[in-house]
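What follows is a single structure, written as structure tokens, with notes after it.
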Amino acid sequence: MASNKTTLQKMGKKQNGKSKKVEEAEPEEFVVEKVLDRRVVNGKVEYFLKWKGFTDADNTWEPEENLDCPELIEAFLNSQKAGKEKDGTKRKSLSDSESDDSKSKKKRDAADKPRGFARGLDPERIIGATDSSGELMFLMKWKDSDEADLVLAKEANMKCPQIVIAFYEERLTWHSCPEDEAQ
């Protein structure tokens, strides 16, 4: 039975936990408690690991070739297969694993949150414009806020005409007519 120990070098490089004579100081060994997730980055498989004796905040992504815990990896992969067969759908990655309830709650909270001029903030400038919804809208940056909101152009024209004018002036380009150049 192979150990779940993984050796970390000073530069974060890992090697097999088997004992080797090293002229430098002995690298510290960490024990993998559980494999939590799997991903592929630049064609290399990485596993998200829970380290024994450490908190979840210390969990890390580690390349497969640096690990010496085949039983834990196999157990994780088997649980993934069982989950896929049971669900009949692809398992979500750790970053996407929020429950549907929390997602719908976030959507409700976002819908309840005031947007645009309803936030009571002063407009700073217009970042961009779109008519993808069928009506012209401006992406408005607000003073004293890092957030921007889409606001109806009609509303911006009424509430902050100088900011709308400044937005259009920034984008104006002048072209001279050929007959003007001849004079």
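Every residue gets a Cβ built from N, Cα and C, even glycine.
Residues annotated as compositional bias 'Basic and acidic residues' in Swiss-Prot: 82-125.
Under the heading SUMO2 cross-link, Swiss-Prot lists Lys5 (among others).
Annotated SUMO2 cross-link per Swiss-Prot: Lys10 (among others), in sequence order.
Annotated SUMO2 cross-link per Swiss-Prot: Lys21 (among others), in sequence order, evidence recorded as a large-scale study or a structure entry.
Residues or ranges marked as SUMO2 cross-link in Swiss-Prot: Lys103 (among others).
Per Swiss-Prot, SUMO2 cross-link is recorded for Lys154 (among others). Every protein chain considered, the tally of other Cβ atoms within 10 Å of the Cβ of Lys154 (SUMO2 cross-link) stands at 11.
Positions annotated as domain 'Chromo 1' by Swiss-Prot: 30-88.
Residues or ranges marked as domain 'Chromo 2' by Swiss-Prot on the basis of sequence analysis: 121-179.
Here Swiss-Prot flags Ala2 as N-acetylalanine.
Positions annotated as N6-acetyllysine by Swiss-Prot, on the basis of similarity to another entry: Lys5 (among others).
If you look up Swiss-Prot, you'll see Lys10 (among others) marked as N6-acetyllysine, on the strength of a large-scale study or a structure entry.
Mapped onto three states, the DSSP output places Lys44 (N6-acetyllysine) in strand. According to Swiss-Prot, the N6-acetyllysine annotation covers Lys44 (among others).
DSSP assigns Lys50 (N6-acetyllysine) to a strand in the three-state reduction. According to Swiss-Prot, the N6-acetyllysine annotation covers Lys50 (among others).
Feature annotation from Swiss-Prot assigns phosphoserine to Ser93 (among others); the stated evidence is a large-scale study or a structure entry.
For Ser95 (among others), the entry in Swiss-Prot reads phosphoserine, with the evidence type a large-scale study or a structure entry.
The phosphoserine annotation in Swiss-Prot covers Ser97 (among others).
In sequence order, Pro63, Glu64, Glu65 constitute the residues six or more apart from Lys44 (N6-acetyllysine) in its chain with CB-CB distances below 8 Å.
It is Ser176, among the modified residues Lys50, Ser176, whose Cβ has the fewest other Cβ atoms within 10 Å in the structure shown. Taking CA atoms as the reference points, Lys50 (N6-acetyllysine) and Ser176 (phosphoserine) are 67 Å apart.
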